[in-house]
Structure formats: C-alpha cells, structure tokens
C-alpha cells in the first residue's frame, strides 16, 4: 500500500479482497476433519464489502455484517423429512458441530474487523505524516495561483450592492488585486468599496452607481506567477420605488422679439433624487411640433427651446412640461413677436398661410389678416408661389380682400409653396412665412400614392360588382366654400359604382330656372370634390353632379340649395371690454364676443395710454375672448379696444374700455408667524407676532387674534379674542383662566380681505409671571450693508421688578453653534437700536437682545431672522443746501413698487409731520425731507425706509456738521458780492474790453451779456470769457461802430444767487469810438496784418484752395501755415505780389479735416488767422461733389468675369455716396459687385443671362441726399451684343455629352463633343473627379481647337464610372458629365461610338 496517497483514494477494492482472503483462511483452519457438509458456507458466495461509500465511491464509514440465519435455516429444512432413527441422531451431532463453527466464524470476523480498523488508522497516520513533511519541503510545495472558483458577472440596479466572489489556491498564499481600468483602493473610497479575504475565499463589495458599469479584472499573484479572471457588472437605472420631486427654476419670463430674430427660452430643471443619466420626458407646447423653425434641447439639467427665425405665427403661450413617473411639472410664459414694416405706414405681414384645398388644377390658399394696418386700411393681398426655386411668381394681378384665394394654372403633380403680402396706400408689407409644400394633383391620386395600410392577417372576401352597370346617384352634395371668387362642391360616391372606375360631371343652373349647364365638359373629375370659378357675383346658383363610367352616365344627384356668389360679411364689433389689474406690467382684458360671426378667427387688442391718442397692438396673432396684455408701463393708465377678424376681414373697433392703472393686483396677506408671549398675569396674556412675508400688494390694515384651550393635549374650539382689527403687532388677550393652557392664531387683513390664519402657536400656561427682567421683543434689521447693519427692537411690555435701564445685544453666525454667541456692546445702551459694524460680507447673522434693570440682566429675546451681510444696489441719503439756503435730506429708491411709501424717522422713531420740524415731499422715486427752521436741536440720526421693497433703507447722522450746514445756508441766502463793477478799457488793435470782478463765484456760475435789452452771444464781433478762479468776467469787441452806442449789462447767476452791473455809453461813446478807430489804424500801419481772413474755395478740378488777403507787408515778412498746431511745409516759396496767400489741397479726404492757421510776421509784429475745416468739412465736401457733373455716360464692356458697366468721374472720394440701381437699389452679392479703379466706377455682372437685361443707373447722392447726378443705361441691344461676345469668348462645351452610356464589355467606345471659346480653352478629362491621362487604353484628343474626343479601345467593367470633361479659359469654366455602364452578356446594340450635335443630342 502506498504511503503517499490516502487510503480512501486508491485501495478500497484491495482492502476488500484482503479481508475476504483472511476470512476464508480462518474458516478453513477451523473446520474439523477437513471435509465439507451441506451445512458448510456456500463456497461460491460473493462476500460483500464492509466499507460504506457514497455515490462518488468515497468511503464515509464501516458496516458490521450480521449472520444470514435465514439461509442456514432454509438449508436445514431440506433434511427434516429424513427422520429415521439412525440418521436422525447423526444429523443432530452434525448440527451441534455446525453451531460451534458459526460461533467460531463470528469470533474470527470480529478479530478481522479489529485488525482492519487498526491497519486503516495506521495508514492514515502514515499519510498525514507524509503530508506534514511535504509542507515542510518548499521545493515541492510552491506552485502558481489557480482560480478554483472564478468570479461571475452581475446585472444590478443602481444604488444596490453587488459582491464578486472567487476562490484562489496557491503557495505562498497569493495576493489578490481588483482592477477597473485602474487598481481599486478601498481606503480611498471606503464608502464605495469593501474587500475581504478569508480561507482562500476573496470578495469585493461595491455600492453601485451607474458609472460602475465596467469589466472588472481579478488578479492573483505570488512568487511563482500571476493569473487573472474577469467579470462584468452592468448597473441599470431603476425608477421603481422612487418618488421624484421636480422643480423648475431660473424660469424665462414674458419675452418680446422681432420678426427675423432668434429667441431662446430656457428653464433649469431640478429632479430629486438625481439619477445619473435619467432623462425625464421634456415637452414644449404651443400647438407646434419640431420643425425647421424651432429646435428643442435637453442638456441634463436645462431645457431650451430656440426659435431660429421669429414670425408672428410663433407668438403665443409657451408651456414647458417635465414628466416623470411621479407626475409632471409645468411652467408657462407668453412670447410676443413685434413686426416692423419695411416701408413706413405699410401694413404688417399676414400670418398662418396654409393650403385649404388642393386639386390637380387649383390650390386654395388661406391666411389670417395682420393686426397692424399701418394707419391705413388694407386694400388687399397679393399671393406669391414658388416652384422649387428661389424665384417667386405673383399669382394675382389685383389685390384681393378675402383671406382665401384659389391659385389656378398649375402643373399637375408639381409641388408648390406660397406666401402672402398685404398692401395699403403706403406700400406693401413684408412677405409672410411660407406655407408647407403641397402638390397639385387629384385627391384620389394622392390617396393612392399614400402608404398602404399594414397587413392585419385578415382576408376579406367581398362580392364583386358585375361589369357594365351604370353608376348610381352621388350622395350628400353640398357647397363647402363660397366666395365671390370661387365655390367648392363636395359629395360622396354612389353606392352602386360598377366594376369600372367612376368619374363625375358637375352641372349648374341659375336659381329659379331649369337650364342645366355642364361645367367640366372636357374632362370629368375623379375625386368627389370640385372648385368652380368665373361665377357671376350676386347671382344665385344650384348645382348637381352625375357619375359616369364605361357603361354610361348615371342619373344626377339631388340639386343643392340656392347659393349666392359673394363675399362673406365681416364680423360685428365686440363689446363690453373690461380690463383688470394683473401684475406691474400686465393687464387682463376680457370682452363680449361678436354676434353672428361666421368662421371667426379671433380678436386683436390695442392699448393706448390715456391722453396720448396713440394705439399700439397688444397681440399680433388672433386670440380668444380673454387675453393678458404684457409689456405695459408700471403706473400708467391705459384704455383698450378690440376688433374681431374672420376670412372676410376685420370688424370695427369696440368702444374703448374704462381706464385702468397698471400695477399688481391686490390679494389677501399671508399668515403672520412667530407668535410669542410678552407678558402673562392670572387672567390675561400679551401676545406678539411677526408681520407676514407677503402682504398682498396693499398695506395691512389690522390683525385678528383667536385662542383655544388645551386640556390634557386635546384642543378645544377657537374663540375670537378681538372683534375690531388691531393695528399693532401686540395684543392683550383677556378673560383667560389661571393655570389653564392656551394656543393662539393670528390673521392679517388688508383692503382685499382677511388672510388665512397662522399655524397654532405653542401651548402657553396662563399664570402670574415673577420674572425679574422680562425680554425685549420685535427685533427688526434695517440698512443692511456688506459690513454693517442696524438692529431695532422694542422694550419689554412687562416691566418686572424695576424699570429697564439698558440693553445688551448678542450676535453669531447663522450656522454657528450656541457657543458662538458673543456680545456686540460691552456697555448697556439706553437706545432701542444699535448699528452693528465690522461684519463679514456674504455671511449670515442672527441677533438677540437682553434687557437690564437693577435686578440684573434678564433672559434673551427670540432670535432674529437670519440676515446676510450684503450691499444691495441702494443709494444713500444725501444732504443738500440749495441756492435759497434751504437744508434738506434726499433719498432716491430705484426698486419702488406702485404701493411703496417713504417713511422718515429721527433716531428710528417715526416723524410726525404735523408737529415735526421736517417737511417731507415725495415725487416719483425720490423723497425730500426739508428742515423748516434748522438749528442745533435738529441733530440726530435721520433714516428713511421704503415700504413694499426688499428692505431698502438708509440713514444719515447730523451732529457735528450742523454748524457747517447753517453757514452754507446763510451764504446762499445773500447775492453775489462784487469787487468792482462793469468798466471799459482800450486794447491793442483798437479792441474794446468790458469787464467786472466778483469776490467769489462757483464753477456753475453763468453770465448773460445784454446790450440795449438784447442778449448778445459769442461770435465774430463779441468774445466772452469767465475766469472762475479770479472772478473776472469780460467781453471783448474788435471795434466800436456807431450802432454800438447804448447800455451794456452783465447779469450774473450762481445757483439762485444773482447780481448784475451795467455801463452806459452814450455821452462819451463818440470819443471812445474815435480812440478805437485811431488805435486800429495805427496798428495796421505799423505791422503786417490780414485784410481778409482765411477762407476756402473749390476749383473745377476738385482742388480745395485755402486763401487769405494780407496787407502792410515787406520783403522780410514771412507767412507760416499750420494744421492742428503743426507747421505745414509748402512745396513752393510763397509770394506776396498780389497780397494773397494760398494753400492748395489736391484730392482732399477726411484726413485733411482740421484747424488751419496762417501766421504773418516780421520784425514789426505778427498777425494770425484760423480756419476750422472740421466743423465745415461736410459743407466743403458737398461743394466738391457738385463738380462731379463732369462724369461720363455709362458704358458696357465684356470682361473675363462677365459684363461690366462703367463711367469715369473727374474726381472720386471715399466719402462720395454712390448707388447703383436696377429698378431699385441693387443688393450686391457674389454675382453682382461694384468697385472703383482710379476715377472709374464700375458694376460687374458675373455669369450674365438674359434676365439681367433692363435699365441700370448710377446715382451720386450729394447735398445730404436731397439731389444729385444720375447716369442711366438701357441694357437691350448693347447688352445682347456684350452677352453674345461674352458667350463667344467663354470656354464651353457646345455639343454636350449623353447622360448615360451603356456598352457591352469588350467593345470600343468613342465620344466626341464640340469645344468653343477664345482664347483656346484648356481641356481636362476626369473620372470620378480624378484627372485622366491619355494612354493606350484610354485615348484623349483635342483636335483643331474645336473637337474633343474620348476613346476606350476595349471597354471592361473596370471602366464603369462617372466621367466629365472640364474646359477652362480666362472668361469662364464649363463642365459636362456622363456615366459609363459596362454590362456582361447583354445584346450588342451595335453602338460603340457617340457623336453629339450642337444641341447635345447623340448622333448614331
């Protein structure tokens, strides 16, 4: 037996055989006499194994056998019949010896079993001993890791846990690593991953998110090597068991756009809980579906709708709907589209153009009238159609008034789109948005072309109608549409139609006669619908229809009722227009609908500010009988009017509504909150509460308090504590019972009504308070800034043992723990307000207040609401002293609402104007508090609070600066003091100077110069100047003339302070005038000077000449020219022979604008003259452009790009406005370009066609566009010659090529085409857009400069493809194409060579 293998693996059978062998030997040795009898054990019996095994033949135990006494008994019974005397005794002896043998056998078997067990135990001990020494031997122990059980893949839901298990063997024990692209570190993400390893069993536990979907790799490694196994995890997103909460934030408001613009609407959608990649159903509604006009987008958290090209059809209420399995959330806002007419006074464009009915020979187009008629009634409409191109064709010659029009003369089977334009006496509107394409075909053909219904698996067998039956009468004939232009009939096919197809004949007769006339005499119609035209307006007609087929014409249908041809009546005007307040910028308008209106489309609303008499449309798309008009001005009063619209037109306007002021509608206030007890005695309690966050748009007029008793936790009924409303936010509830518990609720009221009650308060016990120091209450925060805020509170209602003599304020950050409370003031303050400084911006704070009396500091008040320290866009109070010395405080608020009010207070106590030293005046968003009699007693803190805003408030402290303000006030109440009055003095050149000097004037001081009661201004004669530093006011005159005799007055005004001084020049005026003339002549005599100052003139050559006339010059006199302070170097030396200085500017441009100066000087002195060409440049250029009349007539020439129109001008400047016309101003494009080369102005027409013929003109707009030169040329004969010349010169394929060439493989192919052009074109052959070169297989020739040939000697399937020829010269490029198809085994058509004629036809 091998000692290296366990006994239960190899030796079951050997043990069995050995055991049986030993038993047999022992049995033979114990038998007396060595002979066998019939009572001996059977020699051939197979002895069983005494080892217990399982199904896999693994030993699990031992079995102890029992003797088979039944077999011995059966053997013994066979001899019982032999009972003679002698034999019976012998058998008894033998039986006795047999029992002894059985007993011996039992003993032997027990011994054998004991020995076998001992041997098995010994072998097991040997096996374990060998295994132990194996483990001690490293060489035989080490082996690579092996996956006994590999990890398996899983599919789980998001937010669930999954565990990957594996069993790994190997020595030394392998290290197991998990990877998901990168190694997984459970310590880095302890909440996500958990790894365990026990008894060679390893596991990875993952808290799954959607991102965990991946293939995971498990690697086991030791010193002998590494093995890996893979498992995939798929994480699915599940909505099961999740309740979604949807919030739509960052909403879009009411939007306004203009036609042609792009408008985007968007909302941020928050869905909780957030599942990765979960996409709700996002839908936009406005009776539209995704089309080329809008684009919907969902980015995971934001839904947007983009209207790429706004039209009036896009106006309406847009609704965003976000749907999850838990429900849906919606948000809506209105979008308005404004339309501007291209021509002032022209109407707006029609809208909702669609095809109402279509047949093979007509299409009925329908539309809606615009809301804006441009101030003049609409005369009618033009309908345009487009046939697959960008060229629009007008369908009607005269405008039609009815909003439906049948377009006839169409090509059957072709698709059309339509647009409509409105026209009045001022012009034509923009075209409407185009309709959807519609094909002109019989409705029966259109129905047959539609996709057939899907196969349902049912076979329906019907009885076939026999052939040769004349069809019956058509049924239910009726007139579905009737106008003065057309009439539409419809009917149902007959019940008996026969086997053949049915067609129809339509007949008409004048009402009252029996003369029937067939309408469609030539071709019967196949569809049960027909339109009739050219009916006499005003007449009544009856109609009937007959069916026909190959068997004949059937009986006519029943005739219709008499129908009168004519337009439908416009609707009557609406009535009872009622506007209602809605928001700060909108009003709800409702009205009574029009009576007896047929096919009503809707209504248009117009609004007007009271007294303006200017009406503006509120909607550009018809609406129903209630509409919200947005975009109104807050605070203005509006009136409204409405008119109805149907296909026949617009009704008259309704009567104007009553005026309504635009401001938010009033609602009842929200419930108060924060109910607390301020005082409690045996039978009453004093309650306090906080004002509602929303007061309903109107001031709160009072509060109502209710109470109820609570007994053992059971609430009783509510009782009213007050019948009359109380204005304060504190109230004493009486008639309570001592030691009873109560709850309270409060309701707020305004002019809109009483709001809902607050939540029940906490339960309070009514008992006598013995508090030494009660708490303050009603904490309020004002003047919130980034680093400070003001806290206000009210003193305790209950005084306690002693009066309160001070307060302490505590503060902390809103999110900080209780331990963070800290004091604001170290010393008690006697005020009920305090300004808290040194705050951290953007941080939120809470406050509490404690009162103090002689008993000590009491408990704190309720904590205030958290307030964030942030500076809002609020202006501060400013102090002002006006010109009359009035001191005032001014405050301006930019965030006011219509119900806002300014509340002024001193030391944070409201100011009573009747007994106050202040007068408050409010205008708009500004309030002014004026001191009536300012004095030292007016010092203090003045604050202003604006109600119905987000806490807009400010304060100003008047304490040390009151003395300064009073001084400024006194100064402003007195006039301007003067150092010297008005005087006159003589200057050089004979100039006269009038002047005075004030003691002090401000920078805002103004002076009026008056001569003989007439105000004179700055100019050539008078030069004024004010020196505000010295207070000198002066006026200089170049010289005195006789008419200058009179009274001169300087009137000074500095704010509201005024003063004036006058000087009378009457008696001494002549002496002063003579002195001035003498000084002037003497100055001219002594030095060079200008006789005529600098000016300009324009020459016919368009040159600008600056010139001036000088006098009293000599040889040494020099003249210098300056431009903008820089000297101009003249090309030639200046001469003074004629006493004129000139500076010529050729080809003047905008850069030549500036201030020009001429300086004339010598040793006697100098004189200067200036000319400002910057201010006069526009007039100068208009004068230059007047010489453009010398331009040449328009001429035509051919160029390598096409045809060019050109003219020459004598002078061109970039500022010259030039416009090219072709019936109207030309819109330039790649095909139509204009330019300038030198003095040549040209218009280039590339790729010219016969459509370009017409009248062209070039216009030079001068004199501000009020007139100019216009050159015109008619492109008729000259154009045809130029076009023919261009076509002759341009490279082109004159003969063309076949579209498709089919040829049998192996044949030769030869194609030849004609080439024209001058200069000789360059020819290139292409295959599949790749250039071909000539070779033996493909021969390319260009012969005689005229014929281009393409030859393939032996065509194969490789030659299949798209071929083209490209010809090119400097006048143009042309390309011709054909497709070559090579077939196998097709019949020989006998055509292997193609030659085309001049029209491109193939010649065989």
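Quick reminder: no glycine exception, Cβ is built from N, Cα and C everywhere.
Unlike curated entries, TrEMBL annotations are predicted automatically.
The annotation domain 'Ig-like' is assigned in TrEMBL to 259-332, 866-959, 1088-1174, 1303-1383. According to TrEMBL, the feature domain 'Fibronectin type-III' maps to 349-443, 473-567, 573-665, 671-769, 775-874.
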Legend entry - Selected stretch (most C-beta pairs under 8 A with the domain 'Ig-like' (259-332)) from 349-443, 671-769, 775-874, 1303-1383: 349-443
Legend entry - Segment-level pLDDT (mean, integer) for the domain 'Fibronectin type-III' (573-665): 89
Inset, instruction - Determine which recorded stretch among 573-665, 671-769, 775-874, 1088-1174, 1303-1383 has the most C-beta pairs below 8 angstroms with the domain 'Fibronectin type-III' (349-443). - result: 573-665
Legend entry - the domain 'Ig-like' (866-959): DSSP-derived helix, strand, coil residue counts: 6 helix, 44 strand, 44 coil
Legend entry - Helix-strand-coil residue split for the domain 'Ig-like' (1303-1383), DSSP-based: 3 helix, 51 strand, 27 coil
Legend entry - Secondary structure composition of the domain 'Fibronectin type-III' (349-443) [DSSP: H/G/I, E/B, coil]: 1 helix, 45 strand, 49 coil
